[in-house]
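Trainee: The Mn(2+) 1 binding site annotation in Swiss-Prot covers D8, H10, D41, H197. Here Swiss-Prot flags D41, N79, H114, H195 as Mn(2+) 2 binding site. If you look up Swiss-Prot, you'll see N79, R80, D122, S160, N164, K167, H195 marked as substrate binding site, on the strength of sequence analysis.
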Amino acid sequence: MATLFIADLHLCAEEPAITAGFLRFLAGEARKADALYILGDLFEAWIGDDDPNPLHHQMAAAIKAVSDSGVPCYFIHGNRDFLLGKRFARESGMTLLPEEKVLELYGRRVLIMHGDTLCTDDAGYQAFRAKVHKPWLQTLFLALPLFVRKRIAARMRANSKEANSSKSLAIMDVNQNAVVSAMEKHQVQWLIHGHTHRPAVHELIANQQTAFRVVLGAWHTEGSMVKVTADDVELIHFPF
């Protein structure tokens with residue numbers, strides 16, 4: 001058996017091929033797993049569990065079917081869907097996890113997270129993240145009418161796209177010291193995350209031993225998952 005990890009699908013109505021590919025994944029590979037972990041940015045945007053978007057309900061039903069089949073499903077918030085709440089979690093049968101979670105998998109101690117907190121060189125983003133994660137601000141935003149939230153979210157995405165276009169690729173990648181610090185804090189040899197859209201397996205030194213950072217790819221033109229078994233940790237890309 002295997003435990004599966006995915007991230008950065010950025011599901012939206014404008015990308016039906018990705019949605020179709022995810023549905024096939026849920027109906028196939030996911031049903032064979034010991035567990036499925038979604039490490040953030042499942043959706044391109046999330047403005048509240050009360051959003052009647054048909055795509056959200058379609059995805060909730062599909063994930064719930066996996067959960068009901070006996071495969072537990074877990075979710076860590078990303079930078080796009082950090083407002084996804086308990087209502088959607090119940091509807092989809094997912095368990096919400098904290099932003100950093102340590103798993104014991106087949107004899108390995110593995111830290112999982114979305115990955116944006118590791119990009120500490122991007123000071124502008126980290127300041128923005130700290131602001132929008134304030135509970136009082138989230139409560140205020142979610143109390144606004146849905147049409148107002150949609151306008152704010154659209155403007156924020158446009159501003160983010162403009163800001164990122166002028167940033168260097170290095171700034172938007174993880175900071176190596178932040179990686180080592182997180183792994184040593186949790187005393188792990190393995191780290192699995194998404195966010196950067198730079199799929200790879202990196203070898204490093206943490207806790208005075210060889211350690212590994214596995215980065216999930218985004219679902220742009222193909223699927224990406226990490227498959228952990230008793231024998232191996234594999235980064236796998238597959239057609240939709």
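Backbone N, Cα and C atoms are what each Cβ position is placed from, and that goes for glycine too.
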Trainee: If you draw a 10 Å sphere around the Cβ of D8 (Mn(2+) 1 binding site), how many other Cβ atoms fall inside it, taking every protein chain shown into account?
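Mentor: A count of 25.
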Trainee: Looking at the binding-site residues listed here (D8, H10, D41, H114, H197), whose Cα lies nearest to that of R80 (substrate binding site)?
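Mentor: Checked the binding-site residues D8, H10, D41, H114, H197; minimum Cα distance to R80 (substrate binding site) goes to D41.
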Trainee: I want to verify one value. Collapsing DSSP to three states, which class is S160 (substrate binding site)?
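Mentor: Note: S160 (substrate binding site) is helical by DSSP.
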Trainee: In whole Å, how far does the CA atom of N164 (substrate binding site) lie from that of H195 (Mn(2+) 2 binding site)?
Mentor: 14
Trainee: Quick check on the binding-site residues N79, S160, N164: which one has the highest count of other Cβ atoms within 10 Å of its Cβ?
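Mentor: Sorting the candidates by Cβ neighbours within 10 Å, the top entry is N79.
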Trainee: Among D41, D122, the binding-site residues in question, whose Cβ has the most other Cβ atoms within 10 Å in this structure?
Mentor: D41
Trainee: Beyond the listed site residues D8, H10, D41, H197, identify every same-chain residue whose Cβ lies within 8 Å of the center of their Cβ atoms for the Mn(2+) 1 site.
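Mentor: Apart from the listed residues, the neighbours are A7, L9, G40, G78, R80, G194, H195, A218, W219.
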Trainee: Select the most exposed residue of H10, R80, where exposure means the fewest other Cβ atoms within 10 Å, treating these as the binding-site residues.
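Mentor: Checked H10, R80; of these binding-site residues, fewest Cβ neighbours within 10 Å: H10.
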Trainee: Which binding-site residues are spatial neighbours of D41 (Mn(2+) 1 binding site) here, meaning Cα within 10 Å, out of N79, H114, D122, S160, K167, H195?
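Mentor: So the list reads N79, H114, H195.
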Trainee: Could you check which of the binding-site residues (D8, H10, D122, S160, K167) sits closest to H195 (Mn(2+) 2 binding site), going Cα to Cα?
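Mentor: Minimum Cα distance from H195 (Mn(2+) 2 binding site) across D8, H10, D122, S160, K167 lands on D8.
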Trainee: Using only the residues recorded as binding substrate (N79, R80, D122, S160, N164, K167, H195), report the maximum Cα-Cα distance in Å, whole number please.
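Mentor: Farthest Cα pair among residues binding substrate: 19 Å.
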